[in-house]
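Scroll down for the structure; my scribbles are underneath it.
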DNA sequence: AGATAGACTTGGAATAATTTTA
DNA sequence: TAAAATTATTCCAAGTCTATCT
């Protein structure tokens with residue numbers, strides 16, 4: 001940790017448009033692409049994305065919207081669904097007809113003995129507004145379920161999504177499917193569609209909602225809260241605890257991140273027939289919507305979710321209703337997470353010795369294990385699992401390709417790739433010469449689109465890590481790194497005891513920022529940022545002028561005035577500096593997920609800073625389990 | 001041995017609420 | 001006191017990783 005590499009990187013955020021990649025936007029994966037074993041064998045010798053299509057890993061579920069002729073928004077019939085998946089794809093035979101998670105895994109740990117809850121809240125049914133779509137110059141009044149889809153799109157006119165070809169194409173395919181067979185099937189040309197009337201209606205509607213009196217707003221909100229109250233809670237082993245996402249996701253257009261090939265697809269409305277209820281035996285089963293039935297009722301006490309349904313976009317994914325962040329079940333796993341990271345702190349020296357040894361003398365496989373472990377340790381990179389090609393092309397350490405790095409002799413490596421959520425990782429790091437040369441060897445003779453670490457994957461790295469420390473996986477290094485860094489920085493940089501709470505808070509935020517940069521947690525620069533900075537700049541100039549003026553007529557009485565102005569000036573300058581430095585850094589993610597709250601709370605106690613200074617109300621509740629920590633807690 | 005279903009954590013954007021500023 | 005700026009919360013997408021299947 002002593003290396004000075006942390007201050008090199010100037011991480012820059014950019015949503016990189018991957019030019020020329022829209023070509024493969026067709027969503028029906030040709031059957032011929034599903035060559036059995038296509039991804040086996042030497043699969044990692046070539047990068048996934050740039051591997052010829054027939055060799056790519058690809059989804060083998062009979063996919064989504066495109067193969068489903070039902071009008072969107074219609075009720076999904078489960079018997080039909082089952083048969084589609086089970087019979088539809090010639091080679092997905094077996095009993096596991098549909099992916100249905102009702103069976104407990106064999107040795108799985110029991111998570112509860114009794115579980116009661118009230119199911120989910122459904123979004124309100126669609127209410128037609130009757131505003132027409134203009135097609136080829138003529139008003140077309142759509143049927144409600146058609147209008148619903150048109151409105152999804154119309155209201156997004158101002159977003160970046162609506163400017164993307166893939167998004168528009170996917171939406172329009174879905175829209176046409178909705179219209180197919182109905183009275184408006186003649187709508188086939190996107191260029192002839194004018195959604196402006198619906199768009200304008202929506203603007204008005206927003207205005208109207210805004211102009212409702214505060215009193216009225218409060219009333220409506222309170223009523224809704226009262227109606228939802230019972231869904232917010234579940235009882236597990238007799239404890240009443242908060243539920244997290246008890247609301248069913250409403251239908252809409254899928255908003256994938258980065259260059260997601262499915263962005264703009266219509267997300268269908270989820271009905272009770274889609275939802276599996278997981279609940280204690282003998283507990284009262286919640287009522288589905290009137291006239292509807294749940295897909296299934298199960299009693300699996302080896303998992304902690306309450307309700308679940310298949311995602312309609314990525315059809316093999318599941319959505320779950322889980323307990324909330326303040327629940328004991330989440331607190332317990334949070335504690336385990338940080339305790340594991342603390343164990344890593346004790347084991348890390350041996351791990352470092354091990355990877356340097358393997359880099360020098362091991363087989364290529366061992367060398368790759370060693371180098372990836374080094375990168376995970378020093379740079380806190382993510383694992384990087386193999387991805388289907390119907391997802392955005394993002395990578396982690398195991399999926400890094402030759403084109404993602406540059407060698408800057410003597411021993412600096414420049415990384416430039418898209419990580420989770422298509423956030424760009426652009427950093428230069430000086431690495432150990434052994435690492436530098438090993439990576440040069442791995443890249444030698446390979447093309448830009450080939451994997452650097454062609455002998456390994458996250459499973460293998462994790463297996464290896466577990467030989468060094470029980471339970472150790474790649475992601476633990478991120479937790480460890482983040483918490484370790486916060487712990488260290490707070491010790492070094494917290495101002496002396498007599499300084500003010502805001503000064504201490506500034507030191508905390510600065511440490512938090514270092515952690516965020518380490519983890520590459522970014523946010524989009526606010527659209528108004530530049531204008532805001534200019535405004536502050538103007539303010540600064542005004543103060544400077546005032547000071548200059550006061551100086552010119554040298555009255556004694558001016559001295560005090562100048563002093564206060566100077567104070568204001570330096571405060572403003574600091575504010576400007578922070579604002580600019582943090583414009584693209586997101587502090588929240590590390591606070592919520594990576595930095596052991598006991599470090600923060602101990603620091604608060606030690607420095608007489610009330611926890612709400614650094615934690616929001618929600619975080620104080622989430623980290624309730626850490627509140628009793630000793631003031632001298634050391635990570 | 002490799003693929004992947006399943007379940008859980010992590011992540012930025014969007015939206016809502018609150019505070020500050022003009 | 002309204003608009004602007006800031007901060008908090010909600011939303012749901014996108015990762016990780018294990019157990020199970022083939």
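Using N, Cα and C of the backbone, Cβ positions are placed for all residues, glycine too.
Keep in mind it's a predicted model, so treat the numbers as computed, not measured.
If you take the C-beta of residue A:594 (active site, O-(3'-phospho-DNA)-tyrosine intermediate) and look for same-chain residues 6 or more apart in sequence within under 8 angstroms, you find A:478, A:479, A:482, A:483, A:515, A:519. DSSP gives residue A:594 (active site, O-(3'-phospho-DNA)-tyrosine intermediate) a coil state; it is part of no helix or strand. Taken from TrEMBL, the feature active site, O-(3'-phospho-DNA)-tyrosine intermediate applies to A:594.
Marked as coiled coil by TrEMBL: A:526-582.
Under the heading compositional bias 'Basic residues', TrEMBL lists A:41-57.
Annotation comment: TrEMBL describes A:253-608 as domain 'DNA topoisomerase I eukaryotic-type'.
The annotation region 'Disordered' is assigned in TrEMBL to A:1-105.
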Integer mean pLDDT for the coiled coil (A:526-582): 86
